[in-house]
């Protein structure tokens, strides 16, 4: 017997999501207008909490759908306007270009990356050394590339590793579905679970590595560039001014990487199963035997494009997204990828997240229109100069862990600059606050996927369900890093930032905003 119209509509609404999740979203959509009529400020914070809930439940339903419904309702009931949403999207166009083109550009360099990381994986047997290598590599790359780009690289490598073993374990060859474990016998499943744990730990080490490296340079994160422009700093100035905080944090972050692997804490310490190593070794041997001169030329071309990518980003020759577009054009033209459908596959990973980030900008518009952060900013600026550094750092960290760190950094640096221009704080204090804002925005935000766009990208990627990386597990695995990075950063802001900056200024190393 065919189901009723109502039942059919309920099943279609958010598809396979659990009934309790669908019901929760309906409750949100029903109560929001009434709360907004009663108290817009409370309604604004409630909307932020609801959006965070949809992100936390990313594996139940992709957040674009429920988050998008909440955003549409927010515009309809007047929490913000469509014009303001457009302004936020326009202001963050370079971030969207980055997602659309840079992430897709990396897709066409996967052969080279898989080759390099396979050699790295097979040549380093110590899990601690391998984890450290992934963390250091991610940190170094993130100093020149955006963290999203680096995470996209590591995701593509991990999916490649996983796919190689899953094909062997399922005995289904090229027709293998990586999400389907039904054809894998119990023995292989045990090994597969261990392999998942191994990949989870590598992904988290690499993800945190992007935060460690990304905070150090003005091109490491989008908000870094905004803060550098506001303070009038160039590449070298930015690096030196951040170094009293970022260098100790980097050292302690790498020590944390070694400690959690050694002690097998927080889900770390899983080693690469020998059976998987053998499969990957065989794959590598076969790949090398089958590699034709044409294939070798492709690898060389991809390596040259990689050099162009790092050089263009380091010298900031163009916007990051446009450099990514140049990578797509060069990589496809010089490696013979000419079919539209083959090129289209490169965009399947990044475009859903681009749409999700656009939805997020509408939530940002609500935050601005409802002045949700105003009480916090007023409270901080009323404190003493020394306390301001600590408070800016802590409030940036708190808000960045639940909100977009680009937005938080932008709001705070604009408020700090306005305070300087109005005479509320000195130029010297503003420059110290800029460091506190940048480090506070970047370091504590590793606590949750909400704060780091790279973490959110990982959580909502095709890899997350393969290696069973949920929101809760990601928060748990990030916890030791969150504690160490936040505390060391706070201590450095409190005790080393001002004297180290004063010393570098007297030595003539630092430029000052005129």
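Each residue, glycine too, has its Cβ placed from N, Cα and C.
These features come from Swiss-Prot:
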TRANSMEM  23-43  transmembrane segment
TRANSMEM  63-83  transmembrane segment
TRANSMEM  97-117  transmembrane segment
TRANSMEM  120-140  transmembrane segment
TRANSMEM  144-164  transmembrane segment
TRANSMEM  202-222  transmembrane segment
TRANSMEM  238-258  transmembrane segment
TRANSMEM  303-323  transmembrane segment
TRANSMEM  357-377  transmembrane segment
TRANSMEM  391-411  transmembrane segment
TRANSMEM  447-467  transmembrane segment
TRANSMEM  475-495  transmembrane segment
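In this chain, the transmembrane segment (63-83) lies out of contact with the transmembrane segment (202-222); the count of Cβ pairs under 8 Å, excluding pairs fewer than 6 apart in sequence, is fewer than 3. When each of the listed stretches 23-43, 144-164, 447-467, 475-495 is scored by C-beta pairs under 8 angstroms to the transmembrane segment (391-411), 447-467 comes out highest. Long-range neighbours of the transmembrane segment (238-258) within the same chain, counting only residues 6 or more positions beyond its ends whose Cβ lies under 8 Å from a Cβ of the stretch, are 128, 131-132, 135-136, 139, 205, 208-209, 212-213, 215-218, 224, 228, 431, 434-435, 438-439, 443, 480-481, 484-485, 488-489, 492-493, 496-497, 500-501, 504, 509-510. Counting Cβ pairs under 8 Å that are 6 or more residues apart, the transmembrane segment (144-164) and the transmembrane segment (447-467) reach 3 or more and are in contact.
If you look at the transmembrane segment (120-140), the same-chain residues 6 or more away from its ends with a CB under 8 A from one of its CBs are 150-151, 154, 161, 198, 201-202, 205-210, 212-213, 250, 253-254, 257-258, 261-262, 268-272, 277, 280-281, 284. The stretch from 63-83, 97-117, 447-467 that makes the most Cβ contacts under 8 Å with the transmembrane segment (303-323) is 97-117.
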